[in-house]
Amino acid sequence: MTMREKIEEAAARYPDQRSAIMPALLIAQRQHGHLPGPVLEEVADILGVERIWVYELATFYTLFHTEPVGMFHLQLCDNVSCMLRRSEDLLRHLEAVLGITKGQTTPDGLFTLSTVECLGACEMAPVMQVGDDYHGDLDIARIDALLDRLRAAAGRASGADLAAAPPGE
């Protein structure tokens, strides 16, 4: 199925096409890896909605990327609950071991490091989102183990469950 066909199929479930913008953006991002301007315009054209509506959603939510990101997008929460549990130490550690600062991607294209205002998982603080998966109650040892799993997963052919943690983590 083409991106257009997938978006049209998803949009058919919504009486108001504006309600289909987020699902359409998810489809487009899965296909392209990120959402550059021409893709946002195409989504708006497929749905028959104003381009500004598509742009506003794509730039508001942290799950959408208008610029390319690494294979693994590490999004570390830096809100109050996570800060109280020393997320700033985890950020410094990630920057040191990856050799990048927040907002950057490793030269091999494997990791992009970002901070986000809140992931809505305060009970797991400090927490980091990798792709669609949350990893909580983090410390330096758990961060290092996660990075090792992600590096190993990048070398696998299947790519299934890339960021899945083993039981207990």
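In case you wondered, yes, glycine gets a Cβ from its N, Cα and C as well.
Annotated features, as they stand in TrEMBL:
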BINDING   C77, C82, C118, C122  [2Fe-2S] cluster binding site
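Everything TrEMBL records as a feature, shown here on the structure.
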residue	record	DSSP (3 states)
C77	[2Fe-2S] cluster binding site	strand
C82	[2Fe-2S] cluster binding site	helix
C118	[2Fe-2S] cluster binding site	coil
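The sparsest Cβ neighbourhood within 10 Å, among the listed binding-site residues (C77, C82, C118, C122), is found at C118. The [2Fe-2S] cluster site is set by C77, C82, C118, C122; from the centre of their CB atoms, other residues of the chain with a CB within 8 Å are D78, N79, V80, S81, S87, E117, L119, G120, A121, A125, P126, V127.
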